[in-house]
Amino acid sequence: MSKIRVLSVDDSALMRQIMTEIINSHSDMEMVATAPDPLVARDLIKKFNPDVLTLDVEMPRMDGLDFLEKLMRLRPMPVVMVSSLTGKGSEVTLRALELGAIDFVTKPQLGIREGMLAYSEMIAEKVRTAAKASLAAHKPLSAPTTLKAGPLLSSEKLIAIGASTGGTEAIRHVLQPLPLSSPALLITQHMPPGFTRSFADRLNKLCQIGVKEAEDGERVLPGHAYIAPGDRHMELARSGANYQIKIHDGPAVNRHRPSVDVLFHSVAKQAGRNAVGVILTGMGNDGAAGMLAMRQAGAWTLAQNEASCVVFGMPREAINMGGVCEVVDLNQVSQQMLAKISAGQAIRI
């Protein structure tokens, strides 16, 4: 099997050296070239035709975002962004994902060499995922049509959503058309700390419903979406007659914290047939067992179809496990989940 050919673009000579060490330490990939800026990278892309590009967000001569936008228009290819953990860095990274980047890795703030080398397996996994990702499914999505407001639903009704690679844009596409009469939504997207708040704030500006990073102990309200904070699990709990959110630092599940399975299992237990579960694009199997638990508890469950997924891993695993009632295109997810939650349609298996 041929190796994954990687080209790294970063203005830091140290970062280029570290990325080369990391990529070349894995037998299934190789660093074919590095570039100090996008202008040099343009010629190297033509010369080496890499499978995956790693791209620093902030660089001289040409900004990483400007280069990414031009690249996706003229020569689309899988890109993994390399970002700082600052507030500005997280906002720029979210914009990069909107423009078509597949995923991102974060630079440690201290001890760059030791920190990046510690991330070696994670970086390799993101490069492998990017190499297999569907670029056709990851074209920038147009704003979906706003759905008509439906009847106000019981506060017992809620929707749980899980996603990973490609999920930030998929979630935006699902939330943007939702009317204020929507039930509460609990969302777990695999993301590091710092990024989830920026992600929630970005969505809050784009959506009619309120979107925020979830906080421990807060009451779950209709017309609001709650994003699990990075590196912390989110569960649905009860306080008397009301739902509330529980945030905790339990061990990683399926190598993830936050984990979709943790959310889905809690929703199965607390909401049962009053819930709809949705699993979107992502690598791995997180959420499959939890979605089966939701279906067995009477919830209606939806999976994004392969044609519209950047990575079909998580939906495929949930389908194969028998946890999915219906498979739909991303463009139909919002409408279908609202239709099912309004009709109260649920089945037991």
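Each Cβ is built from the backbone N, Cα and C atoms, and glycine gets one as well.
According to Swiss-Prot, the features are:
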type	residues	note
ACT_SITE	Ser164	active site
ACT_SITE	His190	active site
ACT_SITE	Asp286	active site
DOMAIN	5-122	domain 'Response regulatory'
DOMAIN	152-344	domain 'CheB-type methylesterase'
MOD_RES	Asp56	4-aspartylphosphate
Quick one: average pLDDT across the domain 'Response regulatory' (5-122), no decimals.
90
Just the number: how many Å between the Cα atoms of His190 (active site) and Asp286 (active site)?
10
Rounded Cα-Cα span from Asp286 (active site) to Asp56 (4-aspartylphosphate), Å:
28
Cα-to-Cα gap, Ser164 (active site) vs Asp286 (active site), nearest whole Å:
9
What is the number of other Cβ atoms found within 10 Å of the Cβ of His190 (active site)?
26
Same-chain residues six or more away whose CB lies under 8 A from the CB of Asp286 (active site)?
Gly162, Ser164, His190, Val253, Asn254, Arg255, His256, Ser259, Val260, Asp261, Met314
For Ser164 (active site), the number of other Cβ atoms found within 10 Å of its own Cβ:
27
Can you see whether DSSP assigns Asp286 (active site) to helix, strand or coil?
coil
